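Input: a single structure, listed below in structure tokens.
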């Protein structure tokens, strides 16, 4: 048994440990050529107004993406589950955006909204809305959100459809016998039964919005204009690799890790138990 | 062929639980031993220690008088039939049966010969190319048997092999196992919780409880002379009736004052239990030298066809007294009956549950 | 059982079809734009139909370097393929071994190992880019396939998926194999891997997509255009020319960047869905 264990240790635990060690000794790793800064980096970050702006942007962005992608997916999944015939066809037609890279999704939507030749921006222009996400921060954020929702919806759709199809039929039949109409059945039976899936998706969508949308943001807006689409992860990248302020970037990494770790802990300790039906 | 001997086998888990408290057992060549007991009694653990799937904490396990404690399961030359069959789902019936032989490096043509021979023996010849999921429950069972037989092992181990089958198939496979085991003459240990299976299959029966062997011997001996109250209650369906009694100078006294004349065996005043099997209670009119006569009221009837079970109430007793009547008996609910039983059919157990001998030969030991 | 509500059914179909079309719209526009010339694109609002350039843009991009990118799109596609395959296969190999050890072997500190893997779940590569970048730079793996692939392999998602599946393998199967004389390696090869075929396929799809769609990490560690991936190249294309965005090139590249992963997901949809849904439990 020893040889396998050795392989597993060398190929998995060692890099994993390395990553964790690196993650926790971040300041040392970058402090080698500098003075040890103590908590100064953290103080600098936490007293920086742009950091709080990024935090706010992240929250708005994550919430919008999660809710948008989930509600559209749920609506479509309920309809696809309902029509029985064709559910698989619709799944095929709706699943593929998941395969599109966030950066590519960004490019596609950027093209739709290009101020000079974009289809939608010109349509908006016809109804009197001037679209220029390069100048208008709110429009830039909206664009990034739309591209992210477009890509993430398919992921949620797959889960919701699977969850709906796994619901015990007898339960719905019992509800039908109890004279609950489709609308009522959805809110009183189906929706509560979907709560574990919904909660799981909420977590996954937040993670997606936090991290994976980096590519979308970078291609579409590069965090601008004026930091309107700079999320926490984007700021780590921008300060560290573009701005070369390694100390600040490292401190942000640690804060981000603490935030994500805290959320995960919260999820496992507390929320997951409440969502059981 | 092989003999199997267990000397004081203990099994203790790291969490401090002891599953086996020193099991002694010896199995003769070609003998079929059935280990029976309620769930959690340690019978499966016993089987798994013999198989080598669980380590032995203390004691010795001998196959053909060779100590095999430290051997891997594959080196012990045993075969096991699992409760859920544990067939490899992605392999054909042929490959399932051939796998162990392949792992041992048996030549290809010999594997083919042995598998086809075994398949013929078990009526599986047509199914060799099928996957397990395309087989019925009974067929899977036979493949599991075939996988064990094809290796020509020293010892066969059966872990509740019939409990996943429906009642009819179970009876059929029970006979099949008995026939094959006798024909192949392979030393076998068979674990089950089903007492009917245990009684019908066993050359010798081992009744376990709480990690101990309660009694072992031929099925009929255990039925006729259970060594403990536990064995008495475990074997036989419906179970033996137990009446709380007090020892008396000429026998015992029931709670309602009825005296039962028994040979002198307990000091006066001691509490004991009197056990009588349902089929040993007969109508008083048909028995001349009854040990006692009980007047009961029939509360419920369960007609089974050949017999009718009567659940009767004896004044002063909390439990029902179950009586096996002839199927043609015209009993009605609410009817009063006078029941009698013979001294020879009385089982007396002391307050520890051990049998109080009524001048009979002692039961034989497991060794 | 459902209520018979033909009206509701028809409405559902209509809405679903509409949504399918809407979801397709951005891709369709990009596809048609990729068949226009730059001049044609900028002379009108984006056209819904194919242009006169035909496959010229594709031919042009696949064959020669352009627009300050310093390489051709074919190289980018090959790089992406190598990275995606490397990540998918590497992750599967490592996670199968780790999950095998965790589920089937009792060894000291098993729980500790489990938690160590578990923690990595919480820290996606985006969070630990700085330390990982340092390590990779120190190892001299910048601008190399190993640098692209290795740091992304050590994540726990795949391990958990495999563990989940291994836990459903009945213990009797393991015991039967032991009695049949199969050692640990043989059990893995003869029994466990064949049984995991579907799950391995599912994992492959998910990990291939993950690898192909990586953005931040390849962006950081590749300066040399020879190791650039196609997804990362898009940003450079968008900004590389002064003035007008060369949309005909961008959309062509975007379509090419989408094709392999979309093909994979559509061809292996069954496994993909199963893999995704299983990972929830």
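Even glycines carry a Cβ here, placed using N, Cα and C.
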Segment assigned the feature transmembrane segment in TrEMBL (from C:82-105, C:226-249): C:82-105
Stated TrEMBL location of transmembrane segment, expressed as one of C:57-78, C:145-166: C:145-166
Close approaches to the transmembrane segment (C:254-273) from elsewhere in its chain (Cβ under 8 angstroms; 6 or more beyond its ends): 27, 30-31, 34, 58, 61-62, 73, 77, 80-81, 84, 198, 201-202, 204-206, 208-209, 212-213, 230-231, 234
Close approaches to the transmembrane segment (C:82-105) from elsewhere in its chain (Cβ under 8 angstroms; 6 or more beyond its ends): 113-114, 117, 145, 148-150, 152-155, 158-163, 165-167, 174, 184, 187-188, 192-193, 196, 200, 203-204, 207-212, 214, 218, 229, 260-261
Distal contacts, the transmembrane segment (C:187-210) - CB-CB under 8 A, six or more residues away: 84-85, 87-89, 91-92, 95-96, 100, 104, 152, 157-158, 161-162, 165-166, 169, 173-174, 177-178, 261, 264-265, 268, 271-272, 274-276, 278-279
